[in-house]
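Have a look at the structure below, then the notes.
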Amino acid sequence: MSAKLETTSPDGAKVSINIHDRNEEKALINSKAVHVIDPAEAANSLGTFKEQEPAAQRIALRTYPRRYAVLAVVALLNCFNTMIWIAFSPISNHVSNFYGEKDSATYFSGIFIFVTIPVGLVAMWSGGRFGLRSSILVAAWANGIGAAIRLASSFLPDSMIHLRFPVGITGQGVAALAYPFIMFLPTKVAAVWFPDTERTLATTIGVMANPLGVLVANLVSPMLVESCEQLSVLNLLLSIPSICLTAFATFAITSSEPKIPPTVSASQKNYPFFRGIKECVTNPQYWVLMFVMGGGIGMFNTLYTLMQQLLCPSGYSNMFSGTAAALLITGGVVGATGASIFVDRTKFYEETMKVSMGLAVVFGLAFLQFVLHVGMKPWLLVTCFIFGVFGLAAYPVGLQLSAECTFPVSETTSTGLVVISGQIQTIIYLALMRTLARPLQPLYRKNEVCTLVRAAAVELLKEPPQTCGHGTLSQAEQTVEPYDYTMAVIAMSVVATLAVLVLILVFRPKLKRLEVESGGIRLLDTTTATDSKKEGAPEEADLEEMKPSHAADEEEQNDQQGKKEEKPTNE
């Protein structure tokens, strides 16, 4: 006797199953005869089987709304830390008067660059060893404590005013410790919390908070501080958000990774730190990316740092320099956002990177050439904006590429080495520019405004001297000596051209992470995986047996339907 049971397969196909007597079934199993199955009947019984996402059949994938809170903390932390770094640069004369040191602003800014290089290696190791949450908390607390110490330097009693600079630079140094931990957070957060359709955009949001912090600091600092006495107000306004963010991060970030990963690659275990370093340094494509990306970061930092010194010898005012810098970052936000959305949808990482870097070099070189000539304001603004569009568009895409071509190396390592390369090249390019700069010839001094603008402003405003307890600096100490940057611009143009040619002709990355996600490849080499477990994550064996949430729901519905129809109909 046989019976028929009708049910539905996960893809919606109706399946008819013949139920035989249990004894007959056992006899078939024990029989030595070969039974041939008709392919048509087998296809009808199994239904339609799609292998577009085979990995999704073996592992549960899920996204959590909490990922936006994690990304917000990282973006705000990046922005606030950058503001603490840059805020003193536009008001260097008031900073020098307040802290009693001629080059105070240079020290406050430079300590960030020099701290990043040695501490960066420790940050990369600890981020992979102790998890994402530990890196966020270390960065948040270092930034908050550093801001509080710098704030304390503004309210020392008169008897301790000679300690104002040592206390302030100590706070700045503590805040600088946060930056190496922040530098790899955007790509790490995007990798472990976001699906592949949002990954580059998430990286862009976290990364672009850095230039936004630069922009806000350059706009707010001159508006708030018109004399050295008002510097304490700026320190207060910078400290309050950082301290509040420290408290919020402590309670809001409860785990390093979600319990169920958003992508197949996020479920993979990363290489240990030193194995990851070895994989990076033995990967020729990563060397190309590290050199070119680091060069891009270094040239951008150099250009932004020397913007006013490049423009004032040709007669462009401080106000114009600020406008050009604002357009540079505004264009970068537009370009990076557009590029990230495009890459998330198309996965054209290599093509986007090469086009962005190529056009960035073209318009960057045009900008540098216009800098050397007077009366080029419209062209300078246009090229500066377009340079920002393509230059900063390449930044988040390049960081994602570093993770793609080194997978399963941890993002903390692959991104961290790129950023450290950028900081090292920043120091090299700044030294190169200043070494090749020559004093401006008397014939061209009639156009420069490096010294005249500040002298005219002091005469016009008739401001009384601001001592701030230390005495005032002389007018000569408050001006910028004009230099001819022609040879420096030529040298930078050659370096930039060589870098982009190497990228276009040599760079042929293998997108290993995408291959894992699209091909369902499982990397189960546990001998090379990290020993630490994901916080709150299921065991790997459990993940292997789990199905996607939508598949589980369909299976439950089928079970319920089967129970209703379990009474068979006789043929």
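Keep in mind that glycine also has a Cβ here, set from the backbone N, Cα and C atoms.
Annotations in TrEMBL come from automatic prediction, not curation.
Per TrEMBL, the feature compositional bias 'Basic and acidic residues' maps to 561-571. Per TrEMBL, the feature region 'Disordered' maps to 526-571. Annotation comment: TrEMBL describes 68-87, 107-125, 137-156, 176-194, 201-221, 233-253, 286-307, 319-343, 355-372, 378-397, 417-437, 485-507 as transmembrane segment.
Contact between the transmembrane segment (176-194) and the transmembrane segment (107-125) is supported by 3 or more Cβ pairs under 8 Å, counting only residues 6 or more apart in sequence. Spatially, the transmembrane segment (417-437) is adjacent to the transmembrane segment (107-125); three or more Cβ-Cβ distances between them are under 8 Å for residues at least 6 apart in sequence. Contact between the transmembrane segment (233-253) and the transmembrane segment (137-156) is supported: at least 3 Cβ pairs lie under 8 Å, counting only residues 6 or more apart in sequence. Sequence-distant neighbours of the transmembrane segment (319-343) (same chain, 6+ residues past either end, Cβ-Cβ under 8 Å): 90, 200-201, 203-204, 207-208, 211-212, 214-215, 218-219, 222, 304, 307-308, 311-312, 349, 352, 356, 377, 380-381, 384-397, 400. Here the transmembrane segment (355-372) lies next to the transmembrane segment (485-507) in space: the count of CB pairs under 8 Å, restricted to residues six or more apart, reaches at least 3. Among residues of the same chain six or more beyond the transmembrane segment (107-125), those with a C-beta under 8 A of the stretch's C-beta atoms are 85-86, 88-89, 95, 101, 135, 138, 168-169, 172-173, 176-177, 179-181, 183-184, 273, 410, 412-413, 416-417, 419-420, 423-424, 426-427. The transmembrane segment (378-397) is in contact with the transmembrane segment (286-307), judged by 3+ CB-CB distances under 8 Å for residue pairs 6 or more apart in sequence. The list of residues near the transmembrane segment (485-507) in space but at least 6 beyond its ends in sequence, with Cβ under 8 angstroms from a Cβ of it, reads 285, 288-289, 291-292, 295-296, 299, 302, 306, 309-310, 313, 350, 353-354, 357-358, 361, 364-365, 368-369, 371-372, 429, 432-438.
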